[in-house]
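What follows is a single structure, written as structure tokens, with notes after it.
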Amino acid sequence: MTDTNPNAIRKIVIIGGGSAGWISAAMLSHYFQDGSCEIELVESEEIGTVGVGESTIPPFLQLINSLGIDEREFIQATQASFKLAIRFENWRKKDEVYYHPFGKIGGPIGANEFYHCWLRAKANGHPSSLIDFAPAGVMADQWKFMLPSQAQGTPAASASYAVHIDAHLIAKYLRNFAETRGVKRIEGMVNDVVTRADGGIEKVILRDGREVAGEMFVDCSGFRSILNGKTLGTEFLDWSDVLLCDRAVATQTININPPHPYTLAAAQDFGWRWRIPLQHRAGNGYVFCSKYCSDDEAVATLLSQVEGEVLREPWVLGFKSGMRKQLWNKNCIAVGLAGGFIEPLESTALHLIYRGMDFLLRFFPDKSFDPALAAEYNRRMAMDYEEIRDFIVLHYRTSERDDTPFWRAYREVELPQSLKERIELFRAHGVLRDGVDDMFRAPSWQSVMEGMGIRPKRYQQLVDRVPYSVIEEIMDKAGPMMKSFVDRLPSHDEFLKTHCPAPVPETVSRPAAKA
């Protein structure tokens, strides 16, 4: 049904392509399938994209499903592999490993949360680990995979999963999706911005003199933040006092081993290293603090640890952690890097793009751009950014490492008040303050807290109403049962080759050796 409201927005202009631009275009074009709103996207091939955000979290697949995209087709088109968890190495101490698994951990015992029953078991000396009861974690550790939807009635049914994808291929895929649904792409470089009398954006002027006017503007111009930052002057909230890393070096390598179903995040002397395996290659990077490590040192460190032949010369990018105070300012909404950046330790970059557009569609305005809608949008998005900030700081600030100036500096970082209160409540009672729109649910916080050595001093008092023999029997049986089940599953690599194999890309193909 076409909207007949004379005050309805009829034209949206997206500035910038890449993942942010084309995810935005795909979501808007899907929403306005009736053609009631014209959507144009301005981008220039002269401007490269960051293109390192290849790891996602489970809600990202909600986007794919909401657009009606076939998941198998999408996985093949983006060279994707599956992701069940993040594997953290050397964070609490050197040579220690823990997982942040996706999905549930255990199941309630009576009316009691599993985690608190497990805490009681640990207080009684039970040898189990929390990860033993997380199907996604056990599968990830054994490099196994099964779709939860195909595992109903089994321990794997409560797992969740995400994907590792090629950032450039997702932009290409969603560009085709959006253009098929009427989005008009304009090749051009923004040279100037014209504002309205009320300070909002009226139009952009391209370098060749063409003008592109609109009623709503979505700023996906990356770190440059052409509209929200430069034109509207929206304040940037700098979080570099609690997030010390400010640079990253990245490269790509050929897979010499089957892809593992987790993202690797390995702590280094001056930051951390990622490895994100696709079906035929891997994305690799080192996020570091320039105060303690030079670009050349970072490149050398990364190249000394990657597996397989390097496909692309390492490239370095700088960043500042933080966010714009108003992602929605007047008639402009900043999405992706134009609105803020937090290092990708918990793989949240693409999700924040989806989240930003999802909230925009929930609070979609008319031409009046009611400030109340913008205020609520900004409040919700600030909560997301701040929660991610706190979750990332948790990994660093609770580390026991003091072997380099970088790690010693983190021990002096003052915790954000919100994180301080969360840790104190959790340490005392094992209680987490869950909100309706929280990005990370209790199992995520519990996994990372446990991995970083933060275990509550006491479990929930009502757990004592359950005979300990009942809890002990469940703990004794559930862990081995989970492992036995996972042992019988196909490997992640086997699952990919059977259900959704992607063709070997030209960049990875090598000519056959001569006889």
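Heads up, the Cβ atoms here are built off N, Cα and C, so glycines get one too.
Record features, source TrEMBL:
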- 12-32: transmembrane segment (TRANSMEM)
- GLY17, GLY18, SER19, ALA20, VAL190, LEU337: FAD binding site (BINDING)
- LYS83: 7-chloro-L-tryptophan binding site (BINDING)
- LYS83: active site (ACT_SITE)
- GLU346: L-tryptophan binding site (BINDING)
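On the structure: features taken from TrEMBL.
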residue : record                             : DSSP (3 states)
GLY17   : FAD binding site                   : coil
LYS83   : 7-chloro-L-tryptophan binding site : strand
VAL190  : FAD binding site                   : strand
LEU337  : FAD binding site                   : helix
GLU346  : L-tryptophan binding site          : helix
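Ranking the binding-site residues GLY17, GLY18, ALA20, LEU337, GLU346 by the distance of their Cα atoms from the Cα of LYS83 (7-chloro-L-tryptophan binding site) places GLU346 first. Its Cβ placed at the centre, GLY17 (FAD binding site) has 26 other Cβ atoms within 10 Å. Across the structure, SER19 (FAD binding site) and GLU346 (L-tryptophan binding site) are spaced 18 Å apart at their Cα atoms. For LYS83 (7-chloro-L-tryptophan binding site), the number of other Cβ atoms no farther than 10 Å from its own Cβ, over all displayed protein chains, is 30. Cβ-based crowding with a 10 Å cutoff singles out ALA20 as the top-ranked of the binding-site residues ALA20, VAL190, LEU337.
Rounded to a whole value, the Cα-Cα separation of ALA20 (FAD binding site) and the residue listed as 'L-tryptophan binding site' is 18 Å.
Largest Cα to Cα distance within the recorded FAD binders GLY17, GLY18, SER19, ALA20, VAL190, LEU337: about 19 Å as a whole number. A simple way to gauge crowding: the CB of GLY18 (FAD binding site) has 25 other CB atoms within 10 angstroms, across all the protein chains here. Long-range neighbours of GLU346 (L-tryptophan binding site) (same chain, six or more residues apart, CB within less than 8 Å of its CB): ILE57, ILE86, HIS100, ILE388, PHE391, ILE392, PHE440.
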